[in-house]
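Asker: Sharing a structure here in structure tokens format.
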Amino acid sequence: MGGTLLMEGTNPDSRYPESRVLIIMTGGTICMQPSADGLVPMTGFLENAMAPRPSFNDNSTPPVKIHAYKNGVKLALDSLRTPPSAYSRHIRYGILEFHPLLDSSSISSMGWTEIAMTIKENYHIFDGFVVLHGTDSLAYTASALSFMMADLGKPVILTGSQASIFALQSDAVDNLLGSLIIAGTFVIPEVCLFFHHTLFRGNRTTKVSASSFEAFDSPNCAPLAKVTSLGVDVNWALVRRPTTIASFRVTKYLDTAHVACLRIFPGIKPEMVDSVLRAPNLRGLILETFGMGNAPGGVDGSLTKVIRDAVERGVVIVNVSQCTNGFVSPLYAPATALGRAGVVFGHDLTTEAALTKLSYLLALPDWQYSEVTAKMSQSLRGEMTEMSLTSFSHPAGSIDSVVDRLTSAETAFTALGYAIRNGEQRTVHAMTEGDEFHHQLVKRADYAGNTALHLAAVGPEPLVLRDLLTRGASVHARNRAGNTPLYLAEKMGNAECVRLLKEAGAHLWLDNDLKGEGSRVPSREVSRDVSPDRVVPGEGSGGGSGGSVGGRGEAAAAAAEGPEKGVGTAAGDGAAAEGMGLGSAEPRPLLTGDTGKIVG
């Protein structure tokens with residue numbers, strides 16, 4: 001099928017593709033306005049706060065409705081679209097407001113569950129999510145969501161503001177716009193917190209100021225991205241990569257009801273600590289200690305004995321530092337004594353991350369004490385720096401011959417494309433193993449926007465695709481034609497590749513119904529109720545649902561053109577070539593690498 005299928009509600013003047021982002025409004029200072037009783041939350045944020053601002057609304061017509069879900073109910077949301085960004089992409093977004101709006105100082109695990117389940121219900125519909133939230137407990141919510149949402153493949157960005165968006169001097173516009181652009185442009189599959197032009201890993205953050213616009217910091221982990229006058233500089237080396245093949249899933253509840261925090265202070269009495277540790281049904285305690293994990297032992301070790309007795313009763317006690325920077329370590333005798341008493345060293349966990357992580361682990365069914373304590377010392381979502389001895393070894397001989405003939409990232413990706421096309425699993429494994437340069441190969445793209453995973457989806461060897469999935473390749477990256485690896489695998493009839501991609505969380509988008517083979521085309525009322533098991537009809541030859549779409553001939557012949565015409569990508573005629581991104585010059589994929597530069 002050639003060209004682009006224009007649907008009702010399309011803006012034919014737009015030369016750029018759109019991303020879809022759902023903004024989840026939970027409340028907070030950002031949406032407050034003055035009243036006779038002081039600042040109060042305001043509903044109707046989209047029309048009152050965002051529609052009048054040109055940076056959030058390009059005034060494209062006619063109006064477009066987008067669908068979202070809340071508690072199983074299908075909603076038609078008004079949407080707006082940003083002007084094209086520096087990355088030649090519009091962001092179309094709608095706002096789903098909670099009722100009532102939440103006060104962040106009063107949020108509980110029930111609020112975290114509501115946010116997580118809202119994201120889960122809409123996960124297959126949107127490219128990314130922005131959560132608007134009050135700043136008081138923002139770091140707690142970011143940490144909680146990071147543990148509740150496993151095998152995340154899309155960006156979830158929390159933000160808020162120190163002043164209302166209606167205030168003359170406010171940080172709200174910068175925080176919201178920055179979050180929106182990043183969520184709709186870059187495939188950063190983490191729960192993040194964006195504040196003051198900086199994107200942090202959410203479970204590494206803590207609030208450091210009650211009034212400054214630089215309200216949050218990540219003292220023991222560098223930022224994931226920075227917004228500058230030139231665009232967004234993403235530190236891709238820090239962005240977590242998937243290492244297993246698994247679909248996105250949500251743990252619905254955290255056990256915050258049976259966890260407590262206790263801050264050690266000079267002269268604290270053992271009786272005080274004992275009373276906390278004997279609270280009814282207490283299962284876990286976050287112990288905030290001095291410096292590198294030190295606490296007074298008490299007269300004749302009485303405080304240490306109180307702690308040891310609690311551990312023997314099955315209370316999980318985690319030692320974190322009161323200091324903003326640094327980590328706990330058994331360097332001094334008091335810290336060593338706590339370790340001998342059975343206290344778990346929390347390394348460089350923030351209090352927020354320690355509390356929510358312990359609540360998450362204690363909520364898992366049938367987990368034993370030993371399993372919880374072991375996992376508290378391991379990094380689950382990048383929340384801590386795992387201590388390990390540094391070792392060095394020369395790379396395996398199989399990679400030496402490959403590296404010898406590589407002079408740049410471009411030629412490395414070309415060589416990788418040849419290996420994928422020829423089904424050379426060992427070569428692909430060697431080229432993507434080792435230092436950061438080789439890890440980044442899986443995030444690069446050719447001139448048509450095809451990543452290594454796109455190439456493997458139409459390649460002859462499913463083991464190559466499996467290897468790339470465990471090296472951090474994103475199943476949600478799109479090529480210039482707006483197609484994902486799953487769509488290309490379906491088109492080729494690569495049943496095993498389709499199975500692996502779906503196991504890794506890939507799903508088809510309604511875009512494929514609407515756009516023919518071109519870029520995303522919005523309609524007046526767009527619903528992406530696409531089952532991950534449904535094959536999208538209407539693209540390429542064949543069509544229908546179930547099984548595969550089209551034949552292997554066109555796509556295989558196109559892919560066989562190889563790296564000379566774009567690393568291992570399609571260069572043939574018809575739908576297969578367009579599917580690989582050669583049918584349109586304008587659309588750009590969501591970005592997955594190269595420090596924020598446009599790929600393709």
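Positions of Cβ are set from backbone N, Cα and C atoms, glycine also.
Copied straight from TrEMBL:
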- 513-532: compositional bias 'Basic and acidic residues' (COMPBIAS)
- 539-553: compositional bias 'Gly residues' (COMPBIAS)
- 554-579: compositional bias 'Low complexity' (COMPBIAS)
- 20-238: domain 'L-asparaginase N-terminal' (DOMAIN)
- 258-364: domain 'Asparaginase/glutaminase C-terminal' (DOMAIN)
- 513-600: region 'Disordered' (REGION)
- 448-480: repeat 'ANK' (REPEAT)
- 481-513: repeat 'ANK' (REPEAT)
Asker: For the repeat 'ANK' (448-480), what are the DSSP-based totals of helix, strand and coil residues?
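Answerer: Helix (H, G, I), strand (E, B), coil: 14 helix, 1 strand, 18 coil.
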Asker: What is the pLDDT of the domain 'Asparaginase/glutaminase C-terminal' (258-364) when averaged and given as a whole number?
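Answerer: In the predicted model, the domain 'Asparaginase/glutaminase C-terminal' (258-364) has a mean pLDDT of 93.
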Asker: Using DSSP, tally how many residues of the repeat 'ANK' (481-513) sit in helix, strand and coil.
Answerer: 20 helix, 0 strand, 13 coil
